[in-house]
Amino acid sequence: MRKIGLAWQIFIGLILGIIVGAIFYGNPKVATYLQPIGDIFLRLIKMIVIPIVISSLVVGVASVGDLKKLGKLGGKTIIYFEIITTIAIVVGLLAANIFQPGTGVNMKSLEKTDIQSYVDTTNEVQHHSMVETFVNIVPKNIFESLTKGDMLPIIFFSVMFGLGVAAIGEKGKPVLQFFQGTAEAMFYVTNQIMKFAPFGVFALIGVTVSKFGVESLIPLSKLVIVVYATMVFFIFVVLGGVAKLFGINIFHIIKILKDELILAYSTASSETVLPKIMEKMENFGCPKAITSFVIPTGYSFNLDGSTLYQALAAIFIAQLYGIDMPISQQISLLLVLMVTSKGIAGVPGVSFVVLLATLGTVGIPIEGLAFIAGIDRILDMARTAVNVIGNSLAAIIMSKWEGQYNEEKGKQYIAQLQQSA
């Protein structure tokens, strides 16, 4: 009998979670029994993310060993991220203006959700200016950054350490071998943890549906439909078009990442798939030096799905309150989002925090966020899947742009996937 693939196992877990959550809607015991299972799975993934990023980056950077090359890669990567996320904001604004998801919605029929925790987080984040964000990329204490899980300082330290390993030549070989062994061991651990993914997905979805139910979607169904349709458009038209420019088939990327996309969608967490997408992009022909730098950095600077949603949600709230947003005000919103949406990965409820930091500056009532907080998890699932595709594509594009993409390895990997399908 043929073994059921991981994608199908996760999908079955997703469906069963929805069924259990719907049957026991409003029953707090669902969270009591299932939340620990979901939390254990998320903790297992978070446990391995930092060791994989550090070991992969050190090995990748040490193999390049050239500060000038790395600086060139970093510059190109940031430019690419800025262009794509700006396009995502524009697409979100256009979708909100064309489909008007907030027009005609009766605010009295909507439930308000407490957003105080997001407000507190936003107040903390707003104390940091853009300059401070860049200053904080350089860690004053790497162990403090490791404890907090601050990805950008960890990436900076790993790059510098990798350059140091390369610079000392023969003396650095034992260190390099240690990190190579660490990376391989952690990828093995990742594969073992992924066997637990269907159970984690079942638990997390079961808890979500039991808390919010399907009824919470009905008053805001137009917003949900517009968000999902716009995300699909962005994947196949925008990212698909960019991929085609570089000779990449977007459907190949989706096929490669099918397991990870279902998992990221179900858990609404990009972190759960970071190790696997790095591994798969290497198998697809991207060098370790590029995947280990571009993908983790993209988690802070290239959240395409999140930035698209933030623009759309901002206009939705304005429409909800009957506020007319002229072009000049929408351009201001675009410029503010270009800044506020960068560099705060790892902050809980990052999209909400960005929106809270943005709405007030363009004259939109932040209280409106309380109306969509209840369905944020459903919307978060869609934007997470888009973030995963966007960052995976970025790694391939940077590899091609740098002339380091292994075309033959990529073709062999696709052929191998087609045979096993």
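Quick reminder: no glycine exception, Cβ is built from N, Cα and C everywhere.
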Q.
From the topological domains that Swiss-Prot annotates, would N27 and A394 count as being on the same side of the membrane?
A. no
| Do we see three or more Cβ pairs under 8 Å linking the transmembrane segment (78-98) and the transmembrane segment (245-265), pairs being at least 6 apart in sequence? | no
Mean pLDDT across the topological domain 'Extracellular' (25-43) comes out at 89
Between the transmembrane segment (4-24) and the transmembrane segment (44-64), do 3 or more CB pairs sit under 8 angstroms, pairs being 6 or more residues apart? no
Counting only residues at least 6 beyond its ends, the same-chain positions whose CB falls under 8 A of a CB in the transmembrane segment (245-265) are 5-7, 10-11, 14, 194, 197, 201, 235-236, 239, 272-273, 276-277, 280, 284, 381-382, 384-385, 387-389, 392-393, 396-397, 400-401, 413-414, 417
